[in-house]
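Comments concern the structure below.
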Amino acid sequence: MVPTVCWHEGAIRLLDQSRLPEHVEILECRDVESVARAIRELKVRGAPAIGVTAAMGVALGAQLSEAENYFQLENDLSGVCELLAATRPTAVNLFWAIERMKRTLHELRSQPLSAIKTGLVRESQSILEEDIALCKAMGRHGARLIEDGQTILTHCNAGALATAGYGTALGVVRAAWEEGKRIQVIADETRPVLQGARLTAWELMQDGIPVTLITDGMAGIMMRQGKVQLCIVGADRIAANGDVANKIGTYSVAVLARAHGIPFYVAAPYSTIDLKTPSGNDIAIEQRNPQEVTTMLGDRIIAPKGVSVYNPAFDVTPAEFIAGIITERGVFRPHEVLRHFS
Ligand code: MRU
């Protein structure tokens, strides 16, 4: 599969997710503004992938800086970090990655500028490689929850496309599939941006993993008909009390799963756990352009002009609805997150 994000000869290459599945196109970002735009416009999306891209954005900013000493470079990069941090508010991986790059910059402060710049590229590459390793570890732990023959419902895209590779929720599915379990996935289309239809269905089909696409409103009846044994989703931010922010519609899936006695799991790495945020009520929820709702992917108007629209990109699922959080360290009850990750 084409990598979601990579560093290539002084530029950042992104698989343009706004064009999938119709067009498989690579977007090359040669300046920090285009990296910020790509994140804002969902050309790259998914919490871990945004984090990796932002880290590479900081490295790119360093390469382009004309600073003549460390303090000028630090000043240039503080502007770069501010620009990248202002792109999307909910996924904590973005802020986590920016902070990690700032820390690396500080650690390298006594080195010559050229070594600092190389060190920042190296650090962003480590974040990318670490992300893939974390996904594979989550996969190993989470696969134990899946039995042969089961059908897993997922919402949005928490796959290779949402990470540096392999995926969180879909990483668990992938690991179970690689173990030889005959499983199937039901992908919610995920209105309004259709990450489930455009990305999850595409990604799973690339790997030959059986997937059935449904509209969001169909999840309930499929559960009632006994067609779903497990729900696994990703996360954009997990608060200290185990509440989880994820793509809008996730909460509805969790409530439906509870009503039908189906276990609902969240898969996420440590970089998604935000112990500084006490509960889901404290998570900033991104509000997006009403046009995402009033048009079909911007091409076709599907609502009367001037209609009032509410378009939060994420919702919060309270910890009590979550059977477990699948992490690289194991599967924990949501209220145990604080103990295992502080
Ligand atoms: O708006 P998006 O597409 O960035 O939202 C992505 C999600 O909500 C994913 O489920 C989440 O980031 C987990 S990705 C491993």
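Including glycine, each Cβ sits where the backbone N, Cα and C put it.
Note that the structure is predicted; figures quoted are calculated from it, not measured.
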Of the candidates GLN195, GLN206, GLN291, the one that TrEMBL places in the substrate site of ARG45, GLY46, ALA47, ARG88, ASN246, LYS247: GLN195
ARG88 (substrate binding site) in three-state DSSP notation: coil
Three-state secondary structure, ASP236 (active site, proton donor) (per DSSP): coil
ALA47 (substrate binding site) in three-state DSSP notation: helix
Local Cβ density at GLY46 (substrate binding site) - other Cβ atoms counted within 10 Å: 30
